[in-house]
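Chemist: Dumping what Swiss-Prot says about this protein:
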BINDING   Asp30, Asp76, Glu144, Glu146  Mg(2+) 1 binding site
BINDING   Asp165, Asp167, Asp217  Mg(2+) 2 binding site
COMPBIAS  580-590  compositional bias 'Gly residues'
REGION    1-90  region 'N-domain'
REGION    2-97  region 'XPG-N domain'
REGION    132-221  region 'I-domain'
REGION    132-217  region 'XPG-I domain'
REGION    132-220  region 'I-domain'
REGION    217-350  region '5'-3' exonuclease domain'
REGION    428-448  region 'Disordered'
REGION    572-615  region 'Disordered'
Amino acid sequence: MGVKNLWDILESCKKKLPLHHLQNKKVCVDLSCWLVQMYSANRSPAFAKDKVYLKNLFHRIRALLALNCTLLFVTDGAIPSLKLATYRRRLGSISHAAKESDQPNSHPSISLRRNKGSEFSCMIKEAKRLGMALGIPCLDGLEEAEAQCASLDLESLCDGCFTSDSDAFLFGARTVYRDVFIGEGGYVICYEMEDIEKTLGFGRNSLISLAVLLGSDYSNGVNGFGPETACRLVKSVGDNLILDQILSNGVKATRKCKGKNSGNKVDDMCPKASSCEVGMTQDSDGQFRDVINAYLEPKCHSPDSEAVQRVCGQHPFLRPQLQKICEEYFDWSPEKTDQYILPKIAERELRRFSDLRSASSALGIKPLLSEIPVPCPVLAIVKQRKVHGNECYEVSWRNIEGLQVSVVPGDLVKSACPEKITEFLEKKGEEKKQKRRARPKKSGQAAVKDVDEQLQELLLGIEADSGGILGATASVCQTLTAAYTVAVEDVVDLSSPSPPLRKLSKSQKKMMAEDVNVAGMNMNKMESESSFSTQSSTSDVDNQLIDLSSPLAGGDNGMKGGRRALADISNVGSHSTETDGGGGGGGGVASVGHGTTIDLSSPSPAIGDRSRVHHDDDDVIHERKARDLRMFLDSIRNELY
């Protein structure tokens with residue numbers, strides 16, 4: 001508890017600081033206060049059985065370790081004799097408390113040893129064991145833990161005290177952290193003695209006098225004094241004289257002036273104290289002196305004692321012991337324990353390295369990263385990350401057993417090893433350049449040449465399998481390939497079937513007996529029953545690109561200059577030859593006249609019962625090969641357009 005109403009009096013001096021304020025600081029912790037805070041959050045049996053209070057302590061410690069905040073646990077020793085009444089009252093022993101209040105100094109020099117077997121004492125032992133595994137030493141105080149913390153702070157052996165007892169200032173503490181909240185947006189509640197002196201005008205002696213007047217763990221206070229009255233009295237006397245005034249003349253309560261004396265009051269105090277006097281209390285039995293001495297000369301370890309020197313040194317992190325403790329208390333696997341604590345330990349090592357570089361820079365020494373005798377904990381930066389909107393880096397670690405990579409704040413990496421960031425950004429820039437480097441574009445003729453080579457390879461394989469039937473197909477493909485090199489607007493579409501063939505006229509049937517050059521394609525012998533030879537056509541033929549996906553002009557006999565015909569190579573071999581009217585040879589030559597349309601995608605209609613011979617096997621083979629060819633050409637067309 002401390003001094004009654006003191007936290008309210010000091011409210012104007014309270015500061016809410018970010019958790020980062022504790023970075024690189026050494027702080028003493030009143031362990032009893034921390035455990036009481038965590039245990040009071042939930043008093044259910046399940047809470048105590050699952051040791052949730054100990055888990056909360058673990059997570060609070062790991063958050064502070066990541067900031068390189070060095071902690072020192074301090075526990076209570078024996079109960080001071082002046083505090084026995086308060087202690088028994090807290091335990092609910094009213095009768096003992098009443099007797100103790102009647103005779104406050106009946107045993108002034110005897111302290112009461114604490115019950116080491118109580119539930120709370122067992123909680124303290126568990127916390128001390130957990131702290132030792134995390135590298136946090138513990139100092140067992142002679143009496144009050146807050147008095148020992150204040151003594152270390154007063155001697156500059158630490159940067160502050162964690163305690164919720166307001167009487168830490170009375171023992172000499174300069175900086176007191178009352179509460180701490182971890183996590184995103186974490187902060188700490190801080191009180192500075194310097195602020196109290198400047199803002200309120202209260203020094204250490206003034207605060208001790210407030211304890212005498214208002215009451216504390218050591219006394220019940222003086223009747224008639226409230227916070228406002230006590231503060232007015234202390235301010236009116238001054239910090240240097242207030243204790244002597246209390247010891248020599250006692251204290252008397254006063255009230256605000258009313259009536260005829262109100263016009264002469266100074267700072268709400270009546271200059272004629274006798275006229276406004278409420279009560280007078282003399283220190284006849286030395287009660288005030290005992291309380292004052294308890295605060296001015298507390299029983300605690302001296303700064304140069306062996307116990308203090310032992311805990312002020314460095315203590316290692318004991319990973320195997322921590323894994324065992326967490327498995328025993330929390331039922332955690334070693335891997336889960338490592339997942340919680342190792343990233344924080346690594347971050348602490350990086351902060352220590354950053355602090356080393358900052359100290360060197362302050363001395364005017366700015367060595368390169370490779371010249372520092374202590375190796376940098378960061379091996380390399382893996383990638384950039386964003387955590388709660390803050391810039392962070394995922395880094396790989398050097399010499400951190402059990403930890404490969406973790407995420408650390410970006411500002412920490414910048415202060416500890418900016419060279420690693422430069423190295424990472426340069427590497428990232430090179431990777432982007434390689435990705436942006438475009439492949440050299442091939443010229444149009446080179447692209448067509450590649451297409452032609454692929455077509456030739458495919459058609460050679462097809463010709464080897466199907467013989468002379470696909471010779472004509474190869475000629476078609478060569479014609480199409482040549483067409484790609486000519487800048488024309490016509491498009492070759494092999495994906496749509498040709499329209500149905502019209503019925504052949506007698507003149508067309510007669511013309512089939514002649515040898516004709518069909519679309520510039522030589523049709524060699526396709527089957528043993530029929531053969532075709534190529535001759536130059538006497539008619540003029542237009543060298544135009546042929547659209548295989550749309551029907552050609554009507555193939556009437558009067559067609560001028562007729563276009564190059566498309567041959568349906570799937571049925572050419574099945575036409576029987578017609579004998580020439582003037583010839584008496586054995587095997588006539590079947591030929592195709594001008595303007596005749598021969599479909600590549602569908603079987604040709606019957607030219608005549610006498611001239612058609614079905615070869616089912618050849619049709620199946622050709623259809624399959626033609627389909628493959630169309631699919632390949634379609635893929636090339638999609639790539640080009």
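Each Cβ is built from the backbone N, Cα and C atoms, and glycine gets one as well.
Set these features in their place in the structure for me.
Modeler: When other Cβ atoms within 10 Å of the Cβ of Asp76 (Mg(2+) 1 binding site) are tallied across all protein chains shown, the result is 21.
The secondary structure of Asp217 (Mg(2+) 2 binding site), as reduced to three states from DSSP, is coil rather than helix or strand.
For the region '5'-3' exonuclease domain' (217-350), the model's average pLDDT works out to 81.
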Chemist: For the binding-site residues listed here, Glu144, Glu146, Asp165, Asp167, Asp217, which shows the highest count of neighbouring CB atoms within 10 A?
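Modeler: Per the Cβ count, the most surrounded site is Glu146.
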Chemist: Under DSSP, the region 'N-domain' (1-90) has how many residues in helix, strand and coil?
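Modeler: The breakdown for the region 'N-domain' (1-90) reads 51 helix, 16 strand, 23 coil.
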Chemist: Measuring Cα to Cα, how far is Asp76 (Mg(2+) 1 binding site) from Asp165 (Mg(2+) 2 binding site) in Å?
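Modeler: One finds 13 Å between the Cα atoms of these residues.
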